[in-house]
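Student: The structure's right below; bear with me while I get my questions together.
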Amino acid sequence: MASGNCTTPTTFILSGLTDNPGLQMPLFMVFLAIYTITLLTNLGLIALISVDLHLQTPMYIFLQNLSFTDAAYSTVITPKMLATFLEERKTISYVGCILQYFSFVLLTVTESLLLAVMAYDRYVAICKPLLYPSIMTKAVCWRLVESLYFLAFLNSLVHTSGLLKLSFCYSNVVNHFFCDISPLFQISSSSIAISELLVIISGSLFVMSSIIIILISYVFIILTVVMIRSKDGKYKAFSTCTSHLMAVSLFHGTVIFMYLRPVKLFSLDTDKIASLFYTVVIPMLNPLIYSWRNKEVKDALRRLTATTFGFIDSKAVQ
């Protein structure tokens with residue numbers, strides 16, 4: 001960890017979103033509200049799926065884990081960002097920085113793989129409906145979930161090992177609101193070649209694999225739906241995929257913009273905005289996207305309300 005007389009800094013200074021004093025408190029209030037909504041909606045959806053027997057299906061097992069990932073994702077990033085709005089000296093310990101980056105990569109890859117598994121689930125449900133109950137059993141679903149968490153953990157170890165090889169002799173100011181790899185590469189005083197290669201290979205392997213699985217799944221879904229003769233059948237099939245497609249487009253669209261655009265278009269200020277979107281905003285939007293026009297979730301909420309407050313809702317008991 002040392003290079004000559006260079007020693008690892010005990011703290012890093014985060015530049016935050018802005019250095020404008022007049023914007024610190026308004027931004028604090030905005031992101032506190034977003035974080036509160038994120039936790040309430042995601043934890044609420046987790047609880048609803050847990051208590052309602054009608055939602056004990058593969059699709060909702062995966063959605064429950066997606067909500068957990070989003071709540072954890074936001075918690076890894078947002079509280080420290082909120083603190084930087086209130087602190088004059090916006091510091092994070094070296095260990096805290098490493099742990100934040102490890103958790104960030106772990107949850108990013110977990111979400112990416114979850115979206116791929118959810119696409120496969122929709123493929124089996126639409127293209128192989130008769131075999132769906134035997135293919136997507138609860139045991140299979142939980143094995144898939146456990147496997148993707150394990151793979152994401154291994155990937156995060158590889159990423160973090162690349163970060164641990166870096167030295168920071170000349171600067172400890174991270175031009176970001178959290179410990180992401182790009183601004184850390186920028187201030188590294190040691191060669192980043194090996195670390196960068198580790199990050200690119202491991203990141204591309206999982207994220208691109210996820211995107212390929214999603215694309216292949218939806219090619220087969222579209223081919224199957226096109227062959228359905230009734231308009232109602234086509235609408236029902238596509239409607240089960242709409243929420244997932246929106247979530248995939250938001251998450252992977254942002255990730256592709258962040259990491260696959262031409263080098264000449266890279267800008268840390270632009271990266272801050274993009275990072276803000278997929279670390280803070282998307283975790284808030286996902287439960288709303290999956291619940292907004294979801295009849296099963298709405299019915300489950302009615303049943304829970306009816307049970308809790310002791311009145312009968314005809315729609316809830318149907």
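Each Cβ is built from the backbone N, Cα and C atoms, and glycine gets one as well.
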Student: On the same side of the membrane, PRO26 and VAL297, at least as Swiss-Prot annotates them?
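Tutor: Going by Swiss-Prot, PRO26 and VAL297 are on opposing faces of the membrane.
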Student: If you follow Swiss-Prot, the disulfide involving CYS97 connects it to which of the following: CYS6, CYS179, CYS241?
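Tutor: According to Swiss-Prot, the disulfide partner of CYS97 among CYS6, CYS179, CYS241 is CYS179.
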Student: Counting by DSSP, what is the helix, strand and coil composition of the topological domain 'Cytoplasmic' (121-139)?
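Tutor: Breakdown, helix to coil: 13 helix, 0 strand, 6 coil.
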Student: With DSSP helix as H/G/I and strand as E/B, how many residues of the topological domain 'Cytoplasmic' (227-239) fall in helix, strand and coil?
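Tutor: DSSP composition of the topological domain 'Cytoplasmic' (227-239): 9 helix, 0 strand, 4 coil.
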Student: State the count of C-beta atoms found within 10 angstroms of the C-beta of CYS97 (disulfide bond), not counting that atom itself.
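Tutor: For CYS97 (disulfide bond), the count of other Cβ atoms within 10 Å is 22.
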Student: Could you pull out which residues elsewhere in the chain have a CB under 8 Å from any CB of the topological domain 'Extracellular' (165-205), counting only those six or more residues past its ends?
Tutor: 1-3, 6, 8-9, 11-17, 77, 80-81, 84, 92, 96-98, 100-101, 104-105, 109, 155, 158-159, 259, 266, 268, 271-272, 275-276, 279
